[in-house]
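Colleague: Pasting the feature list from TrEMBL:
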- 70-88: transmembrane segment (TRANSMEM)
- 94-111: transmembrane segment (TRANSMEM)
- 131-150: transmembrane segment (TRANSMEM)
- 170-193: transmembrane segment (TRANSMEM)
- 205-224: transmembrane segment (TRANSMEM)
- 230-255: transmembrane segment (TRANSMEM)
- 267-289: transmembrane segment (TRANSMEM)
- 340-362: transmembrane segment (TRANSMEM)
Amino acid sequence: MSSTPKHLRNISTSSMRDINNEFHNCNSPRTPGFIRQRKHSHSNEIPAEISKLNGTNHLLIDDKAKYKSMWIRAYSSLWMLLSLLLLIYLGHLYMWAMVVVIQIFMAHELFNLLRKANTNNQDKRLPKFKFLNWHFFFTAMLYVYGRILSQQLVNTVSSDKFLYRLVSNVIKYQMVICYFLYIAGFVWFILSLRKRYYKYQFGQYAWIHMILIVVFAQSAFTVANIFEGIFWFLFPAGLIAMNDVAAYFFGFFFGRTPLIKLSPKKTWEGFIGASVATMIAAFAFANFLGRFHWLTCPRKDLSTGWLKCDPDPIFKPEYIPLPTLIAQWLPWKEIAVLPVQWHALWMGLFASIIAPFGGFFASGFKRAFKIKDFGDSIPGHGGVTDRMDCQMVMAVFVYIYYQSFIAPHDYSVEMVLGQVLRNLDMEEQHALYNKLGQVLRESRFIQD
């Protein structure tokens, strides 16, 4: 017999029974409180399969399938490189077309991302709303590239061509056309508003404008760099690719220390090794590309012929004598260095330290939407947006650097006349020509 009193034994037994009942009720899937708790915790966590895809706690050096992934990436990279070389051979206009195609793919991937993030399938109830996205996209394209086209058209075709008159009138009223196209889209959006979908539609409207800023504000600088000379597009793009490849291989073989939580596969070993390799490659790569006139000459019109020009001084070699201790062991006494190589070091520094943060931003964006890649159009690389995250940041920097430290800022007669003629049609240009001739004849008469 137990020494515990009977009334205490009864209390203990009933208490244990209540505790057991409460325990079973709390673990029952029918309990409302438990369901709410499960939903709340699920909404704040990345699913296990997504975490695995994003590489959480999974360094590249420990990946068992890394060799297969490496060969897929290498195969895709080879095809992208060959395609780029073909476009470089064809010329500036084809590279401009390449940028436009890349923009369309990026916009398509980002628009699809917004629809995938919509878990209530509201876009299916608004089937015409996606056409509004593309209306704003092509309006922005006409505005951005119309301004670039207006700078190149005057030097391309002559006055007796119907195409010139047609396009020149379109360019002249380009801002008006783009403004009313945007207003048409704005009115279309207001008329498409539906009850119970206001929040979704205004959210989509804001996302559209953010996507247009990301895609066009930076791609416009890329096109401007191309017309200043293919060198100013190819060189920074090559630096980003070299840095990406170097970071991949250094992380592949030596990566042990995680760099940033947004990109768990990035390591300090890959980051530092790629920075050093990119700086060395920048100095040598600039010397190689800077010797081709086809790459360094600016394009002043919309023709497709090969370019020949007097090279800019930064592409003319300077000869630096070697120190005596080194020269006595070498067959040459001096080395040829292009001045652009010193600028290349600054670009290499930016490409290896700052530009990767464009990739980190994209990684954080993808983790916010719980996706691995923006798309799957490039095997082993993801989508086009995944490849252009760092390129866009680099293109803006190169344009600003070129305009600030390299481009000449002296205003010659040709430059002033070129700026004036771009804003005149053919009749106005002829009138200006006749007026200038009259002024010159009068000045000569006065001098005589």
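Each Cβ is built from the backbone N, Cα and C atoms, and glycine gets one as well.
Note that TrEMBL annotation is computational and uncurated.
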Colleague: State the non-local partners of the transmembrane segment (131-150) in its own chain: residues 6+ outside its ends, Cβ under 8 Å from one of its Cβ atoms.
Modeller: 100, 103-104, 107, 111, 167, 170-171, 174-175, 177-178, 181-182, 184-185, 188-189, 192, 204, 208-209, 212, 215-216, 219-220, 223-224, 227, 302, 422
Colleague: With a Cβ cut-off under 8 Å, give me the same-chain residues at least six positions beyond the ends of the transmembrane segment (230-255) that come close to it.
Modeller: 59-61, 66, 70, 73, 77, 88, 92, 95, 222, 265-267, 269-275, 277-278, 281-282, 285-286, 289-290, 294-296, 344, 347-348, 351-352, 355-356, 390-391, 394-395, 397-399, 402
Colleague: Are there residues at least six beyond either end of the transmembrane segment (205-224) with Cβ under 8 Å to its Cβ atoms? List them, or say none.
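Modeller: Distant contacts of the transmembrane segment (205-224): 96, 99, 102-103, 106-107, 110-111, 114, 132-133, 136-137, 140-141, 144-145, 148, 189, 233, 391-393, 395-396, 398-399.
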